[in-house]
């Protein structure tokens, strides 16, 4: 049995990982819910985001500026991908959508590898995130606390966009019933473009914010993508609240399990998913038979 | 009457071609940059690919978790050998393959419950789970990140005279022999009834279930077959490189398999092998070119996207397509010309002349007297939230009669119909077929009990020929919900073929036996839709608007057909054409706003004031609804 401070520390790690997974998964889930496309390039886009932060930081020396420019870059990338490739796949079988996004993922990762090489890059922690913070009974890295706060703000922002704007209303209606939205005379073309780009920016942001915590490599996104699949299966396909709650649950499971036996941390996550598939296949917030 | 069945040398052309290629490859291909070891590797990928192609190419199930079974087979084999538990490589390979199959059974049992995106995500997640299990909890056995070194090579023979299958050409020969055996077996599976049903599942899953096949069990069969192939390939990998690497379990491995299959061509069996050859050749040869060393995968990725966007069939698929297109172009053009003639209206006459022929169907005659109740709906209700689509409807259908269900739009006819074969489960109430309960068993069990339905909207297998469409239906009756007869050919069941021929004669489709369903004229598609329901030899046949969209002459012909069918089985029919209904049906049930309004003989209904008021709204009965 691990000590309480160790457990608390792991719980914070779980929160940091969980909020990150929530951000990655909400990008994945709004694309899936609205466009019906499971984006297999999501992991690659995560890595692209991290590299964008890496490059911009070298030019601007300011973490915030790097992130702002990086977001612009991800937005443009999202627009390009949707216009050039994804939009031709809305009417095709799910398998084709998965295959083409998987192909995009390979190309993105290999482009990154061709430019930056396969070796790990370091992104320094921003100046305002150095050191550790005293939290009563434990000391915790400052940047990770800030990470939790930043992502929470971003998720609230995404929530406001989805639930308090007319565009968000269209997106949520599109998740419920894309056919009906079209019948009502709303131009889904622009909405789809925007949703895809928002999803790309969300995952890119996650990559940028996480870059200072881990080694940045071209393949860093693959495991995050697999985990975010688990998250959206947990939360229910296409459900934004499901992605957030599922992300936090997944993060805590991985972190708390590793407090007891680190070799089971990832296994536990997938075991939970298997259990949920048997007991509640539509996920926590999903409705049966949506996808 | 029927086309030439399989058999003879010609049908084994693919096997011969593969055999010759496998023999020629080590002689020819090394000059093109393929080393013997590379060829052996290609065969290893091709072997997993055989199973994967049955799962993905044939059954349409895209798994991103094949690495789990590749790794499981590999590590079980390697562990048994290196730990000294088994000394025979062959036995260890068998054990590894079986373990992978057992693992596939568990994962598949969970995965095949879901379709499309869900299926892919679940397989991917289980693949990752297997990777982490290998890496940490089981690292004591698997070596974790280090893998298992020192896996021995197989021996041929016993004791002193045993021959070691060494690296290089001997290993290639071993892999080639196993691949060839695997290919022959895979082709048998594709040609078996199971293969035919898996292909139909890819075309139209719902219809396969409605015909009485146990769809999840067939999908699981394909999943386990794929896992067995992957397990065998994994076991061989360890022996080949005398080292079992942990990346066998990596997501990358599953992804590579998918890409190779698409590049080579899905549903061709050899596609994955060809794709692997392209992948590994590019990797090994582009790496030698300065400046391109890191770009080989980028080139592959772009090629992959182009293939998915434009050339969906892959290399082998395009070749096979071009070849068959060339051979069958004239036949297809002739079939399309016939369709145009029929659509132009001239075919209507010969469609009605069909009626003269008197065909006896090899159906079980209803072994019951006239007064028996074939189908009984007991207080059936289906509520959607506050909406009561059907609200406590009871009626009885006498055996051997034509029973019509009519009612204005929104009366609940379609929902009622779907409840009769348990396609939709009722909120309350139940359905009895000859006195035994049907409700709660699901649509495919219901089909096996003997209720078949022809749908309002055609639910055909559009790319399969008329004969194959009917075969899928007839196989359900003769083989039951599930039979794993992998080694017989799909067209070898005499009673099934006789049934198909009889039904094609009855429906006047014999001329179109080999025409793909999507080329048929509309009226022919409607007849095929009914024919598929009929081919399951139902006790009760449900016809949902069989006359919808037909021309007057086609209607007359179809009504005659329905009367023909009624001589051998009980019919329940929903139809808006009241002329036809009053001419056909002996008893009529009238629904109005989800409730039963009237139930009686055609004459009683015709003169029923309530029915006229509610349903016809004061109009005369000849106004089409």
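Even glycines carry a Cβ here, placed using N, Cα and C.
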Between A:12-33, A:166-187, which stretch does TrEMBL give the note transmembrane segment?
A:12-33
Stated TrEMBL location of transmembrane segment, expressed as one of A:123-142, A:143-162
A:143-162
Check each of the ranges A:98-116, A:212-230 against TrEMBL and return the one annotated as transmembrane segment.
A:98-116
May I ask whether the transmembrane segment (A:12-33) has at least three C-beta pairs under 8 Å with the transmembrane segment (A:143-162), counting pairs 6 or more apart in sequence?
yes
Between the transmembrane segment (A:267-285) and the transmembrane segment (A:98-116), do 3 or more CB pairs sit under 8 angstroms, pairs being 6 or more residues apart?
no
Looking only at the recorded stretches A:12-33, A:63-86, A:192-211, A:231-255, A:267-285, which one has the largest tally of CB-CB distances under 8 Å to the transmembrane segment (A:40-57)?
A:192-211
Hey, would you say the transmembrane segment (A:192-211) packs against the transmembrane segment (A:267-285), going by three or more CB pairs under 8 A that are 6+ residues apart?
no
For the transmembrane segment (A:267-285), could you work out the same-chain residues 6 or more beyond its ends whose Cβ comes under 8 Å from its Cβ atoms?
227, 230, 232-237, 239, 241-242, 245-246, 250, 253-254, 257
